[in-house]
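For reference, the structure discussed in these notes is given below.
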Amino acid sequence: MNVPGLVLVIALAILYSSGFYLLLQRSLMRVVFGIVMLGHAANLSLMLTDAAITLPPLLGGRSGQISDPLPQALALTAIVITFGVTTYLLALAYRVWLGDANDEVPDDLEDRRIGRLSEPEDSQ
Amino acid sequence: MNLLLAGPFVIPLLGAGITLLLRRTPRSQQVAGVVTLAAVVADAAWLLSLTADGTVLTSHAGNWPAPLGITLVADPLAALLLTVSAVVLILVLLYAIGQDIGGLSRATPQTFHPLYLVLTAGVCLSFLAGDLFNLFVAFEVMLTASYALITQAPTRARVRASMIYTVVGLTSSILFLTGIALVYALVGTVNMADIAVKLDGAPDDLRMVLALLFLVVFGIKAAIVPMHFWLPDSYPVAITRISAIFAALLTKVAVYAIIRTQTLLFGGDDVSAVLLWIAIATMVVGIMGALVQDDINRIMSFALVSHIGFMIFGLALNTVAGIAGVMVYLVHHIVVQATMFLVNGLVRQFVGHTSLRSIRGLTAVSPALAIYFFLPAVSLAGIPPMSGFIAKVALFQAGVEVGGWLTWVAIGAGLLTSLLTLIAIFRVWTRAFWGTPLPDMLTARAELKRGPDAAGLRMMTATTGVMVAVGVLVALLGGPLVDLSFTAAHDLLDGGAYIEAVLPGGAS
């Protein structure tokens with residue numbers, strides 16, 4: 001593997017791991033950043049597949065001379081989708097923040113109720 | 001042929017545009033929505049009649065032969081699911097319109113109809129997509145519409161629930177994209193038939209990794225245990241029509257994607273044992289969750305999770321009988337699950353909420369409602385002669401044929417789950433439907449009957465009745481349905497007909 005390729009692979013590893021780390025946070029803004037990072041990671045991994053292909057599908061030229069257009073087309077579509085959904089997610093996070101001025105993921109009330117069932121039941 | 005195959009997703013997209021233009025006049029918007037979906041139903045039924053004998057129809061966009069161009073494929077499985085989905089979609093839309101007529105839902109946003117039609121387009125394209133990337137785009141179209149739909153009539157709880165839903169959906173989409181990148185890096189194509197041919201020569205461990213990755217991707221969307229946690233938190237919070245359509249279709253589209261990828265691309269046997277364990281866990285954990293819930297909608301959401309396990313079980317068997325069982329189960333479950341959520345919607349309409357703690361004697365308030373609940377409920381539990389019974393018998397028979405201790409454990413888990421489903425349902429029945437109704441429930445009912453909402457309420461009840469009838473029809477048509485499923489399952493496991501139809505002569 002050539003040097004630029006290796007750099008991309010390392011970048012991918014960093015993006016995926018920090019993306020998933022942020023996704024597991026309790027603050028919604030961090031979750032949104034996590035999604036953004038993961039989205040970039042996925043798009044980047046689409047671009048990387050280019051190197052694995054020996055023949056560009058339409059022309060059949062020698063590898064290394066012409067880059068395969070398909071991953072770029074796919075990445076373009078994926079980028080548009082990621083952008084669109086990120087915008088929506090930001091609007092949603094803002095809405096949650098407007099609702100009660102903090103953006104932490106709440107506890108599940110029903111879960112809490114079932115958890116209490118194992119304790120002595122209060123009479124209905 | 002091109003138009004026929006493209007119809008199920010082009011028509012709703014056109015309809016979405018038209019309904020967006022008609023947003024100032026709600027009545028014409030409703031008419032346009034129903035006409036659009038009726039056209040989709042007709043198109044899907046036509047496709048089903050053409051493919052019923054096992055024919056695989058293909059259409060190449062711009063006449064670029066596969067694997068270069070975009071390919072649409074309709075085999076019996078896709079056509080069958082397309083038809084059932086279209087029927088459920090139009091019935092839920094009629095229910096929603098009934099809700100709007102009386103103003104029961106208070107301020108339905110004008111964006112409901114366009115979003116609903118975009119969701120339809122996404123669902124239909126998922127069934128027809130012939131390559132992985134189009135499947136991804138179809139999922140995105142469907143999910144993006146669903147992200148927006150789940151926040152309709154936004155309350156604080158709804159916005160929070162939709163945040164969880166959106167983030168989980170996005171995570172699985174991103175993993176899907178990564179999976180596509182890995183497949184493309186390995187075989188240099190995204191066309192599913194082409195991948196199936198080329199992946200045969202790939203190393204076994206790589207195939208296994210890819211199969212598991214796709215299982216995780218679609219497993220999150222299908223809510224199989226242990227990736228089910230998001231579903232009971234988000235579905236019950238949404239308004240009735242939305243949760244009905246989500247419960248009926250979105251998880252099933254993911255199950256369809258699991259079937260398609262695991263049979264066509266990976267040949268199934270790689271992950272069979274994993275699938276069996278997942279099936280057992282999904283069935284048992286899901287139904288355990290349903291047993292302790294208090295809200296009817298949450299009970300149904302957990303039951304939904306547990307019954308996804310049955311479909312995974314059939315797929316794990318990796319035999320013709322097993323896959324055929326999954327198809328029957330899919331058809332049965334799409335209809336029954338939608339009905340259950342619509343009935344819950346009616347309960348909420350009558351009583352104002354769906355918490356078991358303060359509902360009693362619904363049978364006395366509305367006998368029709370009791371029948372509407374009872375029929376799909378016993379079908380869900382698998383009591384003969386309902387459609388759930390036919391589907392479960394088909395699955396268990398397939399399991400007995402395969403044998404092996406793990407399969408027997410799974411069959412045991414399936415029987416236990418059916419029993420526990422029955423208990424969960426009777427818990428709802430005894431608490432909510434039997435007994436003397438609370439006085440304020442009777443007055444609320446009388447007011448509803450006299451009030452301005454009466455016409456809308458009649459339409460909602462009638463639509464739910466039709467949905468219940470469709471559920472019974474599935475049972476009556478059991479014979480032809482099983483025959484069709486066996487034809488389709490045979491082709492699915494063989495894969496030859498599909499690949500031959502997409503890539504004539506195996507050229508690539």
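Glycine is no exception: its Cβ is also placed from the backbone N, Cα and C atoms.
For B:6-22 (among others), the entry in TrEMBL reads transmembrane segment. Through the fold, the transmembrane segment (B:6-22) approaches residues 28-29, 32-33, 35-37, 39-40, 43-44, 47, 59, 72, 82, 86, 111, 113-115, 117-118, 120-122, 124-125, 127-128, 138 of its own chain, all at least 6 residues removed from its boundaries and within a Cβ separation under 8 Å.
Sequence annotations record features per position, and here TrEMBL assigns transmembrane segment to B:34-57 (among others).
What TrEMBL records for B:77-98 (among others) is transmembrane segment.
Outside the transmembrane segment (B:110-129), and at least 6 residues removed from its termini, the chain residues within Cβ reach (under 8 Å) are 5, 8-10, 12-13, 15-17, 19-20, 23, 26, 29-30, 32-33, 36-37, 40, 44, 72-74, 78, 81-82, 85-86, 89, 93, 96, 135, 137-146, 148-149, 152, 245, 249-250, 253, 256-257. Under the heading transmembrane segment, TrEMBL lists B:110-129 (among others).
Here TrEMBL flags B:129-415 as domain 'NADH:quinone oxidoreductase/Mrp antiporter transmembrane'.
If you look up TrEMBL, you'll see B:163-187 (among others) marked as transmembrane segment. The list of residues near the transmembrane segment (B:163-187) in space but at least 6 beyond its ends in sequence, with Cβ under 8 angstroms from a Cβ of it, reads 132-133, 136, 139-140, 143, 146-147, 150, 194-195, 198-199, 202, 206, 210, 213-214, 216-218, 220-221, 230, 233-234.
The transmembrane segment feature in TrEMBL is assigned to B:207-231 (among others).
If you look up TrEMBL, you'll see B:238-259 (among others) marked as transmembrane segment.
What TrEMBL lists as transmembrane segment is B:271-292 (among others).
If you look up TrEMBL, you'll see B:359-383 (among others) marked as transmembrane segment. Through the fold, the transmembrane segment (B:359-383) approaches residues 303, 307, 332, 335-337, 339-340, 343, 346-347, 350-351, 353, 389, 391-392, 418, 421-422, 425, 428-429, 431-438, 441-442, 445, 461, 464-465, 468, 471-472, 475 of its own chain, all at least 6 residues removed from its boundaries and within a Cβ separation under 8 Å.
Counting only same-chain residues 6+ beyond the ends of the transmembrane segment (B:403-426), those with a CB under 8 A from a CB of the stretch are 273, 276-277, 279-280, 283-284, 286-288, 290-291, 299, 303, 306-307, 309-310, 313, 316-317, 377-378, 380-383, 392, 395-396. Per TrEMBL, transmembrane segment is recorded for B:403-426 (among others).
For B:455-477 (among others), the entry in TrEMBL reads transmembrane segment.
Ranked by number of Cβ pairs under 8 Å to the transmembrane segment (B:455-477), the listed stretches B:34-57, B:77-98, B:238-259 are led by B:77-98. Sequence-distant contacts of the transmembrane segment (B:77-98) (same chain, at least 6 residues past either end, Cβ-Cβ under 8 Å): 8, 30, 33-34, 37-38, 40-41, 43-45, 47-48, 50-52, 105, 108, 112, 116, 120, 123-124, 127-128, 240-241, 244-245, 248-249, 252, 256, 259-260, 327, 330-331, 334-335, 338, 342, 345, 456-460, 462-464, 466-467, 470, 484-485, 488, 492. Tertiary proximity for the transmembrane segment (B:238-259) is limited to same-chain residues at least six positions away from its ends with a CB under 8 Å from its CB atoms, namely 77-78, 81, 85, 88-89, 92-93, 95-96, 99, 105, 116, 119, 123, 126-127, 135, 139, 142-143, 146, 149-150, 152-153, 158, 161-162, 214-215, 218-219, 221-223, 231, 297, 300-301, 304, 308, 311-312, 315, 323, 326, 330, 333-335, 337-338, 340-342, 344-345, 348, 492. Sequence-distant contacts of the transmembrane segment (B:207-231) (same chain, at least 6 residues past either end, Cβ-Cβ under 8 Å): 139, 164-165, 168-169, 171-172, 175-176, 178-179, 182-183, 186, 199, 250-255, 257-258, 261-262, 265-266, 270-271, 274-275, 278, 281-282, 285-286, 301, 304-305, 308-309, 312.
Residues of the same chain lying 6 or more positions beyond the ends of the transmembrane segment (B:271-292) and with a Cβ under 8 Å from any Cβ of it are 208, 211-212, 215, 219, 224-226, 228, 232, 262, 299-300, 302-310, 312-313, 315-318, 406-407, 409-410, 413-414, 416-417, 420-421, 423-424, 427.
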